[in-house]
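S.K.: Dumping the structure here so I can ask a few things about it.
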């Protein structure tokens, strides 16, 4: 729940900041000055919605490094670090993507992949994961993250978030205009948006943002099943990924920052807002999958 909340709040912050800038530039007055211009509003919503989502994507890797305290490694350190880098290199080559940056961060068992582009992503694992799993299980977890990159999940989730943002921005302003018109129906002398418009759009931007987060979380859960299957393919068998998930079931997962939401290995909390399916469901999906 904390991870998806951070995701929602950060995304909303970007969209709201863009909204404030647009208001200062007089965009709202242009949209509503002579009646609601739906065509212009749709264009504005698309720019706002996808702009906010892609800004979040572009800053995801540096934000992830900062928020999780990731230490980037190149394989020149300890034997364990060399093994991690070589494992990422091998799996990335098998998946047909460029070599990601590799990092380690302190904390409870977890891992994540992030970044705007397939060939310049970041894969990071926690010290708790390295200490609590066998190498085969860690390799399966890394395979899961590499599969996220190969599947284009960062861009896919950004596009979905962009669509949801567009819906939020468009609908909140349509309702805001209707509320504002109803409140000042006897005051035809006023032009441009009034207080009712601004208050309504701000409240609905936040409220509808949480509704959109439920939809985004559902899509994220489907991507997790695909990444699990991708890890099994990269490993050549399902058992290492099943074993890693089973072991995670007995561990206390770390909380990932927003920039890794929907991409970490640990399970989420909450039926609607969870970005990850229950570990039991993921294990069952792997066990029931047909292997070539």
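Keep in mind that glycine also has a Cβ here, set from the backbone N, Cα and C atoms.
OK, Swiss-Prot features for this one:
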- 4-24: transmembrane segment (TRANSMEM)
- 39-59: transmembrane segment (TRANSMEM)
- 144, 148, 224: Zn(2+) binding site (BINDING)
- 145: active site (ACT_SITE)
- 159-179: transmembrane segment (TRANSMEM)
- 199-219: transmembrane segment (TRANSMEM)
S.K.: Which residue among the recorded positions 145, 224 has the fewest other Cβ atoms within 10 Å of its Cβ, if you could check?
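M.R.: Comparing Cβ neighbours within 10 Å for the recorded positions 145, 224, 224 has the fewest.
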S.K.: Just how many other Cβ atoms lie inside 10 Å of the Cβ on residue 144 (Zn(2+) binding site)?
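M.R.: There are 30 such Cβ atoms around residue 144 (Zn(2+) binding site).
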S.K.: Let me know how many other Cβ atoms fall within 10 Å of the Cβ of residue 148 (Zn(2+) binding site).
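M.R.: Around residue 148 (Zn(2+) binding site), other Cβ atoms within 10 Å: 28.
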S.K.: Using DSSP with the three-state reduction, classify residue 148 (Zn(2+) binding site) as helix, strand or coil.
M.R.: helix
S.K.: Using the alpha carbons only, what distance in Å do you get between residue 224 (Zn(2+) binding site) and residue 145 (active site) once rounded?
M.R.: 10
